[in-house]
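Some features that TrEMBL has for this protein:
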type   : residues  : note
DOMAIN : A:29-163  : domain 'Exoribonuclease phosphorolytic'
DOMAIN : A:195-257 : domain 'Exoribonuclease phosphorolytic'
Amino acid sequence: MALCEAEKTFVLHGVEENFRVDGREREDYRPMELETDIVSHAFGSARLRLANTDILVAVKIEVDVPFPESPHQGKIEFFVDCSANATPDFEGRGGEDLAVTISSTLSSAYSSSLAFDLRKLCILHGRKCWKLYVDILILECGGNLFDAVSLAVKAALWNTQVPFVKNINIDGNNVEINVADDLYACERLDVKKAPVMVTVCKIGDKCIVDPNAAEEQCSVGSVVVAVSGNKFSTVYQTGKGSLHPSTLIESLKLGFEVAKRLDEALWETLSQIQPDQDVGFLK
Amino acid sequence: MPVDHKRINGPDETYPYSLYAKTNKQSLNEKHEDIKRTGQRSDSRTFLEHRKIFIKTGVVSQAKGSAYIELENTKVIVSVFDPREIPNRPDYSLKGEIYCEFKYAPFSCNKRRLHIQDTEEKQYSAIMKQALESTVCSHEFPNFQVDIYAMVLHNDGSCLSAAITAAGLALAHAGVPMYDIITSVSLGIQQDNLFIDPTNEEQSICLYPRTLDTDHGNVIISKLHMHNQISQFYQSGNISLEKINEAIGILDKTCEELVPVIQKYLVKHVIRNLKDREAK
């Protein structure tokens with residue numbers, strides 16, 4: 001999508017007047033749609049649609065050996081797939097840089113044990129642990145990927161069911177894990193403090209959240225803020241431009257406020273989800 | 001994980017023996033406790049003191065521009081190569097691009113690094129690119145790409161900020177048009193202690209929270225001096241808004257303190273070049 005100068009000016013003036021092209025105010029989000037537990041092969045999954053951005057996240061769990069430098073912790077890994085389905089720009093290796101950026105920002109945001117406690121994923125100290133593979137598929141790209149991905153990941157982790165370990169037999173070097181026979185005997189992960197990311201986008205002199213594809217093009221620089229509880233777990237600056245220190249602090253404040261509201265809204269939505277709802281892409 | 005079969009790789013799974021050694025090993029918590037009690041860091045710096053810097057340009061003769069930076073034990077070498085056409089791009093781009101590659105030498109850390117870029121190095125490359133993108137005048141070399149390679153020879157903390165500062169100098173040495181001098185500083189946070197320019201040990205102290213609900217983490221900032229702009233900001237860990245504000249203020253000031261070192265070196269470089277020309 002390419003914008004001409006006049007279109008850019010139009011977007012910029014709209015932001016200035018606190019009345020954006022789609023009628024939103026600067027701190028408003030576009031409507032979102034969230035459903036969980038839609039991939040039957042996965043241990044937990046979620047699909048989030050934020051206007052034209054469509055994200056599908058599935059969590060797979062495998063047994064692994066903990067890192068020797070952190071024998072009491074499990075593992076979590078994020079994989080982002082920017083397929084050419086989303087936009088033709090991602091064709092070939094086009095989406096690779098973006099995918100690396102998103103996955104490394106996610107793992108940085110989840111790295112602190114205050115944000116997400118990996119110790120609960122340890123099965124046997126130094127010998128066995130659970131490894132979470134979080135696979136993120138970008139189905140459609142309509143701007144604001146970071147926010148949508150972080151919400152979908154949080155919802156998928158909330159939905160994830162870790163098998164319940166009944167007992168462990170240790171015989172010399174062999175460790176045998178017995179998982180509970182009952183399929184429904186599972187543990188849920190604690191994701192209350194899992195980070196939520198908000199992209200604060202600077203257009204002209206003002207900052208906005210949830211930019212659409214057109215607004216993303218008008219922005220000179222943006223800051224991705226990952227907020228966990230009432231702390232920042234990661235801040236990452238993107239875009240080609242630079243920011244004045246006071247603008248940076250201002251956008252951090254704005255991002256913090258918005259992220260807290262977003263987190264509350266997500267939590268409320270998740271608590272309303274019933275086990276046997278109709279799900280799927282064509283519901 | 002892809003493996004380079006042309007090299008002789010070690011066994012798949014090896015770990016440094018020091019992980020299992022019990023002798024003479026103070027836990028990180030004890031080390032932090034010591035620092036808190038004495039109010040002095042292990043290399044007898046104060047908390048807000050940057051390490052001494054040594055910089056030099058022109059260390060790689062084959063590169064257009066190069067710089068070497070030492071922050072005591074942290075040693076990074078950066079080279080900048082001639083602009084070349086942006087590869088695999090069918091259309092003409094009005095702006096130039098930069099390409100950054102950040103790499104740890106295999107022997108630079110406690111654990112041996114592989115020859116292939118891992119995710120941390122890829123992330124650092126992206127951060128480096130973000131920092132330098134707004135420093136170079138990309139409209140001056142349309143449809144061309146400038147390659148910047150940073151290699152860490154010895155990792156003793158704050159590698160990324162050292163690499164960014166050195167890359168700024170290497171770009172200037174290569175004669176790439178730039179808007180400003182760029183300086184970059186890291187900061188580690190653990191509880192109420194702020195460590196400017198943390199060493200490797202201090203970085204690991206800041207990596208894990210000591211108690212529930214305390215601040216911990218690392219912050220890296222890059223600043224354009226004359227324009228007073230922050231070209232790159234990256235934070236990880238778990239830090240409150242007030243602490244971040246405080247950290248930005250401190251980092252801002254420390255970045256300014258580094259500028260005279262770079263300026264002095266650049267002036268020296270220009271004078272030397274002029275003398276060389278006269279001699280010819």
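Numbers run from 1 along the shown chain.
Backbone N, Cα and C atoms are what each Cβ position is placed from, and that goes for glycine too.
Owing to the predicted nature of the structure, the values given are computational and were not obtained by experimental measurement.
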Model confidence over the domain 'Exoribonuclease phosphorolytic' (A:195-257), averaged pLDDT: 91
Secondary structure content, the domain 'Exoribonuclease phosphorolytic' (A:29-163) (per DSSP, counts of residues): 36 helix, 51 strand, 48 coil
Secondary structure content, the domain 'Exoribonuclease phosphorolytic' (A:195-257) (per DSSP, counts of residues): 19 helix, 29 strand, 15 coil
